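This report refers to the structure that appears directly beneath it.
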Amino acid sequence: MDHFSYQDGELFAENVPVRAIAKAQGTPCYIYSRATLERHYRAFDEAVGSHPHLICYAVKANSNLAVLNLLARLGSGFDIVSGGELARVIAAGGDPAKVVFSGVGKTSAEIRQALQAGIYCFNVESEPELARVNAVAGELGQVAPVSIRINPDVDAGTHPYISTGLKENKFGIPMARAEAVYQQAAALPHLAIKGVDCHIGSQLTSLPPFIDALDRLLALVDRLAALGIELSHLDVGGGLGVPYDKETPPLPAEYADALRQRLGQRQLTLVLEPGRAIMANAGILVTEVEYLKHGDDKDFAIVDAAMNDLLRPSLYAAWQAIIPVVPRQGEPRSYDVVGPVCETGDFLGKDRPLVLAPGDLLAVRSAGAYGFTMASNYNSRPRVAEILVDGDDHHLVRARETVEELWRGEQVLP
Ligand code: LLP
């Protein structure tokens, strides 16, 4: 459930008309709902309930400082994949002691930064990384907390670009090598083995792949215990899907129940890394119709937002609902909703039945995750404003970029 709904014939974000925000801040703009993102965070937190747990929100989904700060206030931890994300978490008031660091390419500088900040755990993805974390920790005279990311080789049944738990994917260590790598880690002096982790993909809409991966991880936990390697946490990654269209993904409560059942009496702290499930439906992208163009075969609605603002439709052929901010009466036409960028792949949606006139506002739904964070300046388009709605109020949480900011740091030859 989210807090974007029609009231008195127009779209509201919580108690604020979207039209009023667009008028005040211009378009395109992202609008987020505090009540929605907090509701989603709490759904996870309450679902895991009394079992010892840490929810590490995946910063890559939406890394606006205001979003991170609201989650930090609720006690959230964070899953990061770069030194930049760690700096953001700290700038937003997040607790580094609740940070897990994922990703296959951690640099020595990033490892140092994370050790100095005192993070909860490194999710190590390869043997060379293990050696590097050990070496950097040694230089700092520290012991690095580590968990090994296992690639459980399960099919998440999602888009190939966002599937990560198959043998052919670059992530994690194959199960067959897991014990050997743990033994290697145990022999390194500057590492403390804390846990095990996996992340099999994103936008999963059913439980079996999660359960399958968890069962494989739990069997490994038991085998490691027999080798004298005791783990204190199990990190199941992120990946719980959201309804973009007619999908019916499990609720956080159903997901967490299934996890807890499988864990049984084991005293492992459960770590979860949800990103999309917290933020996707807590945000919309608002755009204005610039032109309607009626071709021989197609009707186009040319809007002021483009693939550089929201890449998911172009990159993954992702479907996101596009709805009018103020619906009009009339016979719908089937529009391709496209942006001004010079690429055929620049579209936000295809074949959408809409009743439109130039100047109308449209909202692309489910845009709170992997929307702004994947935006670029392609075609020298400044990144758009981000607004966070809180009940009756709305706050600009990131100003629209200026054109001058586009060439900051650039120089012409003398
Ligand atoms: N943990 C790890 C290690 C991850 O790689 C990811 C996402 C997450 C957690 C969070 O997954 P979530 O709960 O959000 O599914 N740009 C793509 C999604 C890429 C996800 C990458 N990893 C999209 O727009 O669909």
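For all residues, glycine too, the Cβ spot is worked out from N, Cα and C.
Heads up, TrEMBL stuff is auto-annotated, nobody curated it.
Keep in mind the model is a prediction, meaning the values are calculated, not measured.
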Check TrEMBL: it lists Glu273, Pro274, Gly275, Arg276, Tyr370 as binding pyridoxal 5'-phosphate. Then name which of Gly239, Gly330, Gly339, Gly409 it lists for that same site.
Gly239
So which other residues, same chain and not among Gly239, Glu273, Pro274, Gly275, Arg276, Tyr370, have a Cβ within 8 Å of the centroid of the Cβ atoms at the pyridoxal 5'-phosphate site?
Ala58, Ala61, Ser202, Gly238, Leu240, Ala277, Ile278, Met279, Ala369
I need the nearest neighbour of Pro274 (pyridoxal 5'-phosphate binding site) among the recorded positions Lys60, Arg312, Tyr316, Cys342, Glu343, using C-alpha distances.
Lys60
What is the interatomic distance between the Cα atoms of Lys60 (N6-(pyridoxal phosphate)lysine) and Tyr370 (pyridoxal 5'-phosphate binding site), given in whole Å?
7
For the binding-site residues Glu273, Glu343, which one has the sparsest Cβ surroundings, going by other Cβ atoms within 10 Å?
Glu343
Should we count any of the recorded positions Pro274, Cys342, Glu343 as near ligand 1, judged by a CB under 6 A from one of its atoms, and which?
Pro274
